[in-house]
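These notes concern the structure reproduced below.
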Amino acid sequence: GIGGAFQYGLQVSIINSPAEYIKSFIRETWLKRYGSSPTEELITLMWSFVVSIYSIGGLLGSLSAGYLSVRFGRKKAMLFANIPALLSATLMGLSRLCGSFEMIIAGRVFSGVCGGLGLNIHLMYAGECAPRKLRGLIAITASTAIGVGKFVGFALGLREVLGVDALWPILMAANALPALIQLLTLPFFPDSPRYLLIDKKDKEGCI
C-alpha cells in the first residue's frame with residue numbers, strides 16, 4: 001500500500017498546510033516576472049488550479065489503470081505508477097528554486113496520475129494475491145493506507161516539521177520517499193495469480 005493508496009491519501013492532505021506559502025510564492029514570482037502585483041482574484045485562480053488539477057491527473061491515472069494492469073501485469077503497473085510520483089516530486093521540489101509556480105501545477109497533475117493508478121491497481125493486486133480466507137481483510141488495507149497517508153500528510157505539514165515557509169518545497173516533494181521505497185521492495189513480490197493465468201496463460205506460474 002505504500003506506493004498505492006498511501007500516495008493518494010498523502011497528496012490529498014499534504015496540500016492544505018503550505019497554502020499561504022504557495023500563494024505568496026505565486027505573488028512574488030508574478031511580480032518578478034511581469035513587474036506588477038497580481039490581483040487577489042488571480043492568486044485565488046492559480047491556487048484553485050494547484051488544488052483541483054490533481055483530480056484531472058487522478059482521472060487520467062484511473063482511466064489508464066485497467067489497460068496498464070492487463071498489458072504489463074499488476075506488479076509492473078504499480079512500479080510504473082512511481083514514475084509520475086517521482087516526476088511530480090522533482091517538479092514541485094524544484095519549483096521555488098526555478099521560480100516557476102507552473103511547475104507546481106504540472107507536479108500536481110503527475111501526482112494525481114500516480115494517485116489514480118496506485119489506488120486502483122493496489123485494490124486489484126492485493127485482492128488477487130490474497131488467500132481466499134483473508135481477501136476481505138486484505139482489501140480493507142487500501143482504506144487503511146489512505147487513512148495513514150492522510151495522517152502522515154497532516155503530520156508533515158505541522159509547523160514543527162515541514163510546515164514552514166523555508167521547507168514547503170520539501171513538503172510538496174515528500175511523495176518521492178514512498179515511491180522510492182516501493183521501487184526498492186515491490187520487485188521482490190510475486191505477480192498476481194489471476195494475471196498469470198488469465199492474461200499470460202501461465203498455469204504453472206499461477207499455481
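The backbone N, Cα and C atoms fix where each Cβ goes, glycine too.
Marked as domain 'Major facilitator superfamily (MFS) profile' by TrEMBL: 1-207.
Sequence annotations record features per position, and here TrEMBL assigns transmembrane segment to 45-70 (among others).
What TrEMBL records for 77-97 (among others) is transmembrane segment. For the transmembrane segment (77-97), the list of distant contacts is 3-4, 7, 25, 57, 61, 65, 68-69, 71, 103-104, 106-111, 113-114, 117-118, 121-122, 125, 168-170, 172-176, 178-180, 182-183, 186-187: same-chain residues at least six beyond its ends, Cβ to Cβ under 8 Å.
If you look up TrEMBL, you'll see 103-125 (among others) marked as transmembrane segment.
For 137-158 (among others), the entry in TrEMBL reads transmembrane segment. Non-local neighbours of the transmembrane segment (137-158) in the same chain are 1-2, 4-14, 16-18, 119, 122-123, 126-127, 129-130, 171, 174; each lies 6+ residues outside the stretch with a CB under 8 Å from one of its CB atoms.
Sequence-distant contacts of the transmembrane segment (170-189), counting only residues of its own chain at least 6 positions beyond either end whose CB sits under 8 Å from a CB of the stretch, comprise 2-3, 6-7, 10-11, 14, 17-18, 75, 78-79, 82, 85-86, 88-90, 92-93, 95, 104, 107, 111, 114, 129, 153, 156-157, 162-163. The feature transmembrane segment is assigned by TrEMBL to 170-189 (among others).
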Intrachain neighbours beyond the transmembrane segment (45-70), with Cβ under 8 angstroms and 6 or more residues off its ends: 8, 11-12, 15, 19, 22-23, 26, 38, 77, 80-81, 84, 101, 104-105, 108-121, 124-125, 195, 199
